[in-house]
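Working notes, beginning with the structure itself.
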């Protein structure tokens with residue numbers, strides 16, 4: 001018969017039981033960091049008492065208790081632990097699932113619409129896989145035949161296909177934004193904008209950049225990641241899990257993604273003197289300022305944003321891998 005109550009935002013617990021000090025009366029008090037509802041709910045089992053306390057306002061707390069120092073007897077249950085970003089993604093996924101269910105119920109047969117959605121996603125991922133595979137194989141074969149000479153005409157050889165694949169990648173971000181897929185929008189948007197900036201602005205508008213070796217490394221890193229990512233999504237559409245492909249999808253990005261960002265950074269650095277020399281995209285502020293703003297200034301800002309985007313996407317990919325392969329932390333009794 002445990003006595004459990006909340007008064008003045010303090011949880012009071014008192015009960016007779018067998019614990020670390022044998023048969024005894026055990027009690028504790030916890031003053032919460034913020035306001036909670038004064039009606040705790042508890043469930044008694046043979047091993048423990050499960051107490052559920054609800055916050056008055058649904059928000060994230062810096063800690064559980066008002067006192068900064070954690071009580072010695074208090075420890076987190078890591079099997080039920082969620083950090084803010086994990087919880088947001090979980091809630092977003094549940095909300096998207098609920099909305100999709102309501103949408104399907106109002107529009108027609110759920111089975112038919114689900115099949116159409118899977119078929120659409122399968123075809124999209126198949127087209128992207130074929131496009132990036134063509135680029136990857138083309139660059140690889142040319143390198144083995146021509147050696148380093150193949151670096152300098154990479155753009156003129158595969159640029160059309162890269163343009164097609166990167167323009168089609170807009171669909172991926174739209175899918176995430178409108179709820180067709182459960183992927184978060186921000187990582188997809190960062191990758192889309194970053195790649196298209198390099199492809200259309202740095203390479204596409206400057207003929208001087210199109211004959212540089214860095215184009216080969218940028219295109220090769222991009223395609224090397226996608227030839228594993230898109231077939232993984234294809235198999236997911238038909239509920240298949242090929243363990244080798246799954247491991248590659250969640251692992252191969254670890255060396256390739258930073259190398260790809262490094263190649264992009266090199267391409268931006270190499271383009272700065274060219275933009276300065278040609279004056280392309282530079283402009284002069286109107287009177288009375290009359291200051292010439294060089295496009296290279298924005299490229300230097302972009303370099304900072306490039307590595308910020310690397311951190312955001314690397315963190316996102318690491319969390320995905322940890323959810324798939326990370327081991328749960330065990331309780332310490």
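Even glycines carry a Cβ here, placed using N, Cα and C.
In TrEMBL, annotation is done automatically, which means it is predicted and not curated.
Under DSSP, the residues of the domain 'CS' (1-65) split into helix, strand and coil as follows: 0 helix, 37 strand, 28 coil. Annotation source TrEMBL lists domain 'CS' at 1-65.
Positions annotated as transmembrane segment by TrEMBL: 121-141 (among others).
Residues or ranges marked as transmembrane segment by TrEMBL: 212-232 (among others).
Look at TrEMBL and you will find 252-275 (among others) tagged as transmembrane segment.
Marked as transmembrane segment by TrEMBL: 295-314 (among others).
On the 0 to 100 pLDDT scale, the domain 'CS' (1-65) averages 87 in the predicted structure. Residues 125-126, 128-129, 132-133, 135-136, 139, 143, 148, 150-152, 154-155, 158, 162, 165, 195, 198, 203, 245-246, 248-249, 252-253, 256-257, 259-260, 263-264, 266-267, 270 of the same chain lie 6+ residues outside the transmembrane segment (212-232) yet bring a C-beta within less than 8 angstroms of a C-beta in it. Under 8 Å from some Cβ of the transmembrane segment (252-275) lie the Cβ atoms of residues 194, 198, 202-203, 206, 208-209, 212, 214-215, 217-218, 221-222, 224-225, 228, 281-282, 294-296, 299-300, 302-303, 306-307, 309-310, 313-314, 317, all in the same chain and six or more residues away from its ends. Outside the transmembrane segment (121-141) by six or more residues, the chain places 150, 154, 157-158, 161-162, 164-165, 168-169, 171-172, 175, 180-181, 216, 219-220, 222-224, 226-227, 230-231, 233-234, 237-238 with a CB less than 8 A from a CB of the stretch.
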